[in-house]
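Visitor: Handing you a structure now.
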Amino acid sequence: MISTERIQPNLVTVADMDAADAIDLIHEAQAYKAGKQAVLTAPAYAVNLFFENSTRTKTSFQMAQMKLGMNVLEFEAGTSSVKKGESLYDTVKTMESIGVNVAVIRHPENEYYNQLINHSDLKIGIVNGGDGSGQHPSQCLLDMMTINEEFGDFKGLKVLIIGDLSHSRVAHSNAMMLNRLGAEVYFAGPEKWYDPTLEQYGTFGDFDELLPQMDVVNLLRVQNERLTTADGQAFDANQYHQAYGLTLERAAKMKQGAIIMHPAPVNRGVEIDSSLVEAPNSRIFQQMTNGVYTRMAILSRVLRYQGLM
């Protein structure tokens, strides 16, 4: 039974969700995966405003919207009036004015959504598709769904988040939610990319020492586009792979039953040996499958708030 108390006008950050919220969304996503059909009470319209490049998140939201029976408007930032100086607020207000119900937004600015959800004149539903290095709630929830499918519970699970921690919105969202769900969270990666704000959720340690104890190894992409010029010039992909990548030698030391996860896109041969991407214990492509159903659940929550479901 879906909890109607948990409907909401927007979904922008994991910080707004408690454990029960996350489990509620996971259960609805699982229901959609099992064949539940969405029923709209009126035509519903969505637009995906992506101001950063995306393959999985954008197309996954589009697929989710179509599976829900929504009408999806095309939008390309590079050919829009944003190039003429139009503000984000005016762009979103335009979408609302022409009848769009939900805007999924990816933006390079951390917490861009505050200027929208705190504006009393804006009624359109806002779903965060990723903000800078801040939050990625839909990726977080699809990851939680994938872990839940594998283990059934979070309490006592040991989860390692490894890689470019300071630039990763996935690291911040996942660490926060895993902690709320009762998992034991660990971090590893280059010290220069460690974010001390993560210490409230888990413990930073040595990759090779932690790896054999872990139930979930959550690899992170090196965020080349967010590195400083100096960091980018100093980065050596082969050295990174040897020090922090999931090599074949490291994979052989993983705990029996442990799984590999990665939010993608995957830098093969950097974060993970290419042959491990589709290994029997990899859940990377299952994460993508689950992303569609998780995003259906997220959109459903916003549509119910608007009385459209």
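Just so it is clear, glycine is given a Cβ too, placed from its N, Cα and C backbone atoms.
Source: prediction; values computed, not measured.
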Visitor: Quick check: of ARG106, ARG301, ARG304, which does Swiss-Prot put in the same carbamoyl phosphate site as ARG56, THR57, HIS136, GLN139, ALA264, PRO265?
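Guide: According to Swiss-Prot, the candidate sharing the carbamoyl phosphate site with ARG56, THR57, HIS136, GLN139, ALA264, PRO265 is ARG106.
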Visitor: Spatially, which candidate from the binding-site residues ARG56, ARG106, HIS136, PRO265 is nearest to ARG169 (L-aspartate binding site), comparing Cα atoms?
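Guide: Comparing Cα positions, the candidate nearest ARG169 (L-aspartate binding site) turns out to be HIS136.
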Visitor: For HIS136 (carbamoyl phosphate binding site), which residues in the same chain are close in space, meaning a Cβ under 8 Å from its Cβ, but six or more apart along the sequence?
Guide: THR57, ASN128, GLY129, GLY130, ARG169, VAL170, SER173, PRO263
Visitor: Using a 10 Å radius around its CB, how many other CB atoms surround ARG169 (L-aspartate binding site)?
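Guide: A count of 24.
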Visitor: How many neighbouring Cβ atoms, not counting its own, are there within 10 Å of the Cβ of GLN139 (carbamoyl phosphate binding site)?
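Guide: Here the count is 25.
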